[in-house]
Structures are given as structure tokens and as C-alpha cells.
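Undergrad: Structure provided below as C-alpha cells; questions to follow.
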Amino acid sequence: MALSQNQAKFSKGFVVMIWVLFIACAITSTEASLTKCQQLQASANSGLIGAYVPQCKETGEFEEKQCWGSTGYCWCVDEDGKEILGTKIRGSPDCSRRKAALTLCQMMQAIIVNVPGWCGPPSCKADGSFDEVQCCASNGECYCVDKKGKELEGTRQQGRPTCERHLSECEEARIKAHSNSLRVEMFVPECFEDGSYNPVQCWPSTGYCWCVDEGGVKVPGSDVRFKRPTC
């Protein structure tokens with residue numbers, strides 16, 4: 001028995017609806033099988049050229065280190081792919097230490113925001129220390145800093161300056177002690193090769209040794225005589 005015109009239209013529409021539902025279910029099933037990282041990766045790959053594309057492991061989880069190739073920046077992420085504050089640098093951060101305590105540079109990087117007229121967050125090395133050269137994105141000025149991130153006077157200029165290693169506080173104190181014209185034996189601080197204070201300081205003429213902090217300040221109660229304390 002031949003189908004009426006209305007029946008034929010209904011039958012055709014029903015078939016189309018079934019196909020639409022089938023395709024929708026297939027797409028939903030495919031998306032459901034993808035991890036969050038893979039979904040974001042697929043979405044980014046279909047977007048603008050040069051956009052950030054998440055890097056995923058073979059298992060679908062986020063790689064601990066994420067990089068944005070067009071900018072040269074890399075950073076560490078948690079299991080949900082969220083950036084761990086203070087880890088973004090130009091180059092390759094050490095994300096095996098991502099749960100370790102942040103360095104001063106990383107903490108400043110995490111809390112300082114880009115404000116017009118300000119230099120913005122500092123640039124940190126892979127080990128978390130300050131880059132010798134810091135630059136202001138707002139005006140293109142760059143300058144040299146010490147190990148604590150403090151600007152070295154006379155180094156600010158347009159473009160990147162050549163930042164030779166300057167004398168540290170410990171090295172300056174050591175030179176000053178050696179140049180003293182008095183014959184009395186002065187205390188001469190002990191410095192490491194990188195210019196930082198040796199945590200154990202001694203005054204040979206008195207026989208005393210003591211512990212100091214990173215700034216060379218004596219730790220109260222650490223004085224001992226005729227031996228080196230454990231600092």
C-alpha cells in the first residue's frame with residue numbers, strides 16, 4: 001500500500017531526526033572519552049595560529065610543564081592544569097620542585113600585577129633566583145639587580161644593560177676590613193665564591209665563631225669558642 005504524501009514526509013523527517021540524534025550521541029561519546037587536557041587541546045588546535053595549546057601526556061593528563069611557544073614562556077601546572085604562581089619564566093622551569101617553597105623572586109612574581117607605569121612582576125631564573133637583568137614592559141627600560149632583586153644604581157637604561165657581577169655586601173665588607181689602617185686585627189667576614197655570606201663566621205684573634213643569616217647578621221645565642229658551630 002503506497003504511503004500518503006504526509007506519511008512520506010513524516011517518515012523522511014523521522015529518519016533525519018534519528019540520524020541527528022545518532023551523530024549527537026557519537027560526538028557526546030567522543031567528548032566524554034577525552035580528558036580535560038585533551039578537550040582543551042582539541043579546542044585550541046582549531047583556534048588562532050600562535051595560541052596557547054595545552055600539552056598532554058599519553059594518558060591524557062596535563063604535562064607538569066606547559067609552554068607557549070610563540071611567547072617563549074613556560075610554567076608549571078597542577079593536576080587540573082592551573083598555573084602554579086611564581087613558576088612562569090622564559091625558558092624551562094624545574095617542575096619537579098613545584099611543591100617546594102617559593103623563592104623571594106617567585107613570591108614577588110606571584111603577587112605583583114601589571115599596573116600601568118609600573119615595571120610589573122620580576123623575571124626569575126629556572127632555580128627561582130632573580131634574573132640579573134630586569135625590564136619594564138611599560139617603557140622599555142632595563143636595569144641590573146643584586147641577588148635580592150634590588151636595583152643596582154646607575155644601571156638603568158633603554159634596552160638590556162651588560163650586568164657584570166657586582167661586589168656583594170659580604171665582599172664589600174671583606175675589602176673594607178682588609179683596608180683598615182689600624183693595626184688591631186679586624187673581623188673579616190668569610191664569603192662564598194658567589195659572594196654570599198658563609199653561614200659560619202669566625203674571628204680568629206678571639207677564638208669565637210658564630211652563625212649568621214643571609215644578610216650576615218649574627219644569629220643570637222650561636223656564639224661558641226674554639227670550635228665551629230653547626231649552623
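Quick reminder: no glycine exception, Cβ is built from N, Cα and C everywhere.
Fair warning: this is a prediction, and the values are worked out from it, not measured in the lab.
Annotated signal peptide per Swiss-Prot: 1-32, in sequence order, evidence recorded as sequence analysis. Annotation source Swiss-Prot lists domain 'Thyroglobulin type-1 1' at 34-95. Marked as disulfide bond by Swiss-Prot: Cys37-Cys56, Cys67-Cys74, Cys76-Cys95, Cys105-Cys124, Cys135-Cys142, Cys144-Cys163, Cys170-Cys191, Cys202-Cys209, Cys211-Cys231. Annotation comment: Swiss-Prot describes 102-163 as domain 'Thyroglobulin type-1 2', evidence class sequence analysis. Positions annotated as domain 'Thyroglobulin type-1 3' by Swiss-Prot: 167-231.
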Undergrad: Among the disulfide-bonded residues Cys67, Cys105, Cys144, Cys163, Cys209, Cys211, which ones place their C-alpha within 10 angstroms of the C-alpha of Cys56 (disulfide bond)?
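TA: Matched disulfide-bonded residues: none.
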Undergrad: Determine the most Cβ-crowded residue among the disulfide-bonded residues Cys74, Cys95, Cys105, Cys209, Cys231, using a 10 Å radius around each Cβ and all protein chains in the structure.
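TA: The residue with the densest Cβ neighbourhood is Cys105.
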Undergrad: Let me make sure I understand the structure: which of the disulfide-bonded residues listed (Cys76, Cys124, Cys163, Cys170) has the fewest other Cβ atoms within 10 A of its Cβ?
TA: Cys163
Undergrad: Whole-number Å only: compute the distance from the Cα of Cys163 (disulfide bond) to the Cα of Cys76 (disulfide bond).
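TA: It is 28 Å, counting Cα to Cα.
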Undergrad: Averaged over the domain 'Thyroglobulin type-1 2' (102-163), what pLDDT does the predicted model reach?
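TA: Average per-residue pLDDT within the domain 'Thyroglobulin type-1 2' (102-163): 83.
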